[in-house]
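Step one of this worksheet: look at the structure below.
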Amino acid sequence: MKNMLNIILTLTIIFIGLIKISISSDSGSSENGIYFYTYDTICEFTNSIRDDDQYELYYVQAPLMYAIYGDLFEKINAYHSGVGFYNLNGGPNISIDYFAGPTLEDALIPQNITKDSQGNYNLTWNTYGLIEVTNYINETYWSKRELIMYGLTGLQVKQYLSWAPIYNQTHPVYNLFSIASADASGSGDNGYLETILHNLGIGGGGGGSGSENLIVYQNSSTCDDFVWASFNTIYQLGGTLVGMQSNPPKDQITLFTTDEPTIVDYNNITQRNQLASFYINLMGIANKNESALQIFQELISLFNGTFYCYIDGVYYELHLSKPTPISFTYQPSPMPTGQRNSNSIETLNNCYSKSSTDNQSFFNRFSKIQIIFISIAIGFGVVIILYISIGIMVNKSRGKSGTNLIPNKKLWTSIGSKFKRDNNKNNYKPLLYNENTIQ
């Protein structure tokens with residue numbers, strides 16, 4: 001019941017209509033050196049990454065709707081999440097996340113509901129899910145960070161970023177809810193998270209207690225789902241998981257239904273008008289001159305009956321479970337395990353080059369210690385050249401010629417004689433030990 005109250009409280013604030021903003025990850029612009037790349041421009045960014053740079057991967061989180069409410073939603077474990085790559089070689093760090101556009105509210109209710117001349121309704125939506133990459137990690141915004149993997153190369157990061165557009169193309173709409181069956185006990189709350197992740201190919205096995213009775217009809221498509229898909233992708237590409245005492249926590253909102261959701265025929269005027277009535281009531285809750293408590297109570301009743309979900313252009317009718325119609329959890333979630341298969345990761349063709357270091361400056365190819373030794377060697381060579389050049393000019397002014405122009409000729413000759421081979425001596429032969437030579 002506590003989980004249900006948490007999610008209803010979250011939705012109460014959403015439907016009051018106070019969040020007409022995007023929940024994208026960072027704030028910044030190209031003017032201060034911060035650049036934003038979406039799925040269709042990521043390839044412009046990948047070739048700025050050096051193949052041999054070393055990275056660590058972090059799970060980063062920010063309180064939901066931080067720009068308006070600060071850390072308020074942190075109190076109920078409601079977070080926006082992403083992935084952060086920290087460059088260990090001094091290059092730019094990288095953050096990437098998946099968010100609802102234009103706003104989170106637009107993923108829940110239609111943009112417009114209009115009525116035609118015959119009194120029939122039409123619903124239009126403006127919602128999408130968008131991946132955003134930034135060459136910067138805003139540590140004020142991403143207030144929670146947890147190390148997940150290490151030993152990543154720049155090449156693996158580029159391969160991952162080339163996978164991200166494929167993910168966005170297959171997840172074009174932000175879907176807040178998973179839809180699952182209620183289990184045999186009617187609670188619908190046991191093992192569903194493990195089952196969902198297992199269906200996505202993440203985690204070592206099936207669900208926990210009760211999952212054998214659970215059917216997942218529809219997976220969500222949220223920021224956390226993108227993060228866990230990212231963990232799996234990086235793992236398949238060769239990332240090394242750190243030793244964690246427990247798996248990182250994941251937000252999950254699930255609607256539990258008593259039977260399989262049915263697709264609503266939008267072309268059926270009767271069914272379309274029922275859809276419109278549902279969403280009009282939903283939006284009307286926020287427009288009523290009522291207290292937050294009254295809105296809260298109306299939303300509770302809303303989640304105890306017939307419910308409609310709009311997912312990627314399709315409407316679904318759900319009959320929600322009475323004991324537990326909805327669940328909002330924030331709990332440890334399985335990480336990828338088992339044998340890796342980098343060939344299972346689909347990437348965008350021609351999105352990155354494996355030889356980007358050819359386009360880097362000379363010194364960017366070496367570590368700091370190597371640069372120090374190279375600098376010393378170059379400096380020593382310059383000193384020798386100057387010494388010989390000045391010495392030749394001085395000796396020439398003294399009337400010397402030929403090899404006598406070389407400064408300190410006797411010194412250089414004696415050094416050279418140390419390495420001169422004596423042709424009168426036998427060549428070195430290794431001493432072979434046998435019974436006669438060993439006394």
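Heads up, residue numbers simply count up from 1 along the chain you see.
Quick reminder: no glycine exception, Cβ is built from N, Cα and C everywhere.
The N-linked glycosylation site annotation in Swiss-Prot covers Asn93 (among others). For Asn93 (N-linked glycosylation site), the same-chain residues that are 6 or more apart in sequence and have a Cβ closer than 8 Å to its Cβ are Gly84, Phe85, Tyr86, Asn87, Asn135, Tyr136, Ile137.
Feature annotation from Swiss-Prot assigns N-linked glycosylation site to Asn112 (among others); the stated evidence is sequence analysis. For Asn112 (N-linked glycosylation site), other Cβ atoms within 10 Å of its Cβ number 9. Secondary structure from DSSP puts Asn112 (N-linked glycosylation site) in a beta strand.
According to DSSP, Asn122 (N-linked glycosylation site) is assigned to a strand segment. For Asn122 (among others), the entry in Swiss-Prot reads N-linked glycosylation site, with the evidence type sequence analysis.
The Cβ of Asn138 (N-linked glycosylation site) has 18 other Cβ atoms within 10 Å, all protein chains considered. Asn138 (N-linked glycosylation site) falls outside any helix or strand according to DSSP and counts as coil. Annotation source Swiss-Prot lists N-linked glycosylation site at Asn138 (among others).
Per Swiss-Prot, the feature N-linked glycosylation site maps to Asn168 (among others); the stated evidence is sequence analysis. Around the Cβ of Asn168 (N-linked glycosylation site), the number of neighbouring Cβ atoms within 10 Å comes to 20. Classification of Asn168 (N-linked glycosylation site) by DSSP places it within a helix.
What Swiss-Prot lists as N-linked glycosylation site is Asn219 (among others). Secondary structure at Asn219 (N-linked glycosylation site), as computed by DSSP, is coil.
Using a 10 Å radius centred on the Cβ of Asn268 (N-linked glycosylation site) and all shown protein chains, the other Cβ atoms total 11. If you look up Swiss-Prot, you'll see Asn268 (among others) marked as N-linked glycosylation site, on the strength of sequence analysis.
Look at Swiss-Prot and you will find Asn289 (among others) tagged as N-linked glycosylation site, backed by sequence analysis.
Under the heading N-linked glycosylation site, Swiss-Prot lists Asn304 (among others).
Taken from Swiss-Prot, the feature N-linked glycosylation site applies to Asn359 (among others), supported by sequence analysis.
Per Swiss-Prot, signal peptide is recorded for 1-24, and the stated evidence type is sequence analysis.
Here Swiss-Prot flags 371-391 as transmembrane segment.
The glycosylation sites Asn122, Asn219 differ in how many other CB atoms lie within 10 Å of their CB, and the one with the most is Asn219. Among the glycosylation sites listed (Asn138, Asn168, Asn219, Asn268), Asn268 has its Cα nearest to the Cα of Asn112 (N-linked glycosylation site).
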